[in-house]
Amino acid sequence: MSNFFENYLRQVDDIETVSFVGRVQKIKGLLVESLGPQCAIGDLCLIDQRNGKKVCAEVLGFNGPYVSLMAYEGFSGIEVGNKVYSLNKGLEINLSDELLGRVIDSLGRPIDNKGSFLNNSYKELIFEKINPINRSIFEDQILTGVKVLDGFLPVAKGQRVGIFSGSGVGKSTLLGMIAKNSNADVNVIAFIGERGRELNEFIEHELGEERLKKSVLVVSTSDESPISRYKGAYVATMIAEYFREQGKDVALLFDSITRFANAKREMSLSLGEPPVAKGYPPSVFVEIPILLERSGFNGNGGSVTGFYTVLVEGDDFTEPVADNIKAVLDGHIILDRDLFDRGIYPSINVLSSTSRSIHRIMSLEKQKLIMKARNLLSIYKDYEDLIRTGIYLKGSNKDVDFAISKYPKIINFISQGINETFDFENLEDEIKEILS
């Protein structure tokens with residue numbers, strides 16, 4: 001009989017018998033300041049609106065007895081004196097296989113008109129740091145389905161790779177190719193701070209219905225509040241970790257880490273943190289490695305391979321965010337505007353890009369092929385101006401002549417249509433034939 005009542009007793013114990021209520025004192029910039037309620041940083045609160053509804057906000061900090069809150073969905077209808085209710089817990093999201101094939105927002109709510117989740121496996125958005133000793137070394141290659149990556153810039157399972165470029169050079173399209181063609185068990189795709197119209201385009205034209213069934217999309221568009229964009233990044237990462245715990249190889253496709261950094265900047269500046277590098281406060285550069293370190297191995301057989309797009313402002317690859325991210329990642333894919341303008345897609349600059357896993361996942365023979373291809377591209381680049389202007393005379397240098405003869409074939413190898421596929425088993429032989 002005692003066992004019969006245990007479940008009910010637990011439910012009674014979980015009931016909050018005390019309600020913590022505060023009052024809105026002022027709205028300053030992006031923040032709501034309230035006197036009370038009793039709460040902790042990261043807790044969710046509900047704020048009364050004039051129309052009788054409530055808006056969800058998160059506790060970001062304290063100023064004496066005042067609580068600094070940022071709303072997820074704007075401040076419309078909030079007045080001084082409105083009640084603020086603490087939920088005494090942080091954001092919780094549904095973690096179950098029901099997520100596959102779904103599109104959710106930064107609060108974990110479905111937005112794809114396919115109904116609510118039936119499973120109630122909700123978990124608070126709290127991360128446990130992975131012991132570095134438990135992280136496996138790179139051993140196996142993940143196939144991206146992008147010929148230039150699989151052939152010249154291989155990516156290992158558990159690796160974290162940045163896709164760097166200025167605006168309009170094809171970062172999102174490259175992510176779409178990887179999402180559609182990779183051999184990952186699950187895709188977790190994060191659209192953070194991007195244009196809303198891109199979502200349906202991505203699903204219909206780049207991902208496809210079949211691949212959507214193996215994917216989870218987390219969306220927080222550019223018109224949403226900074227806290228929404230910020231949390232969306234962690235929601236996507238936590239979902240990737242959930243599938244990794246099941247032993248699956250997960251591709252985390254994140255567009256873009258720059259928008260995440262901008263959201264964190266807006267939040268930090270609102271709290272009064274001083275800017276130190278091109279308008280970015282110190283906490284932005286603390287937050288980036290915290291997020292990126294979530295990818296990789298967990299020691300239980302699963303992996304999260306991270307592909308993070310980085311929008312380089314003004315094509316300046318030394319700007320603070322891009323430079324900081326480079327130091328954390330295990331590889332850099334550089335998209336070249338000059339290649340893009342010449343109609344070479346994907347416009348990946350092989351010479352400027354690097355993968356730090358090549359020596360662990362590729363045989364010595366394959367490494368030699370890659371180095372030979374890079375050497376030919378380097379020679380051609382050194383003499384490119386002389387070749388284009390007709391100053392270089394054929395026969396002046398055997399190495400240059402050989403590079404000139406192979407350059408069109410290498411460029412043809414690099415070029416790949418959005419819906420074009422290839423046989424990975426024949427890739428090495430194809431490279432050998434090009435370079436012979």
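Glycine residues also receive a Cβ, built from the backbone N, Cα and C atoms like all the rest.
What Swiss-Prot says about this one:
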BINDING   S165, G166, S167, G168, V169, G170, K171, S172  ATP binding site
Residue, out of the binding-site residues S165, G166, S167, G168, S172, whose Cβ gathers the largest set of other Cβ atoms within 10 Å: S165
Neighbourhood of V169 (ATP binding site), C-beta criterion under 8 angstroms, separation at least six: L335, D336, R337, F340, S347
Non-site residues, in chain order, whose CB comes within 8 A of the mean position of the CB atoms of S165, G166, S167, G168, V169, G170, K171, S172 at ATP: L311, L335, F340
Which same-chain residues, if any, lie at least 6 apart from G170 (ATP binding site) yet have Cβ under 8 Å of it: L335, F340, Y345, P346, S347
Count of other CB atoms lying within 10 Å of the CB belonging to K171 (ATP binding site): 26
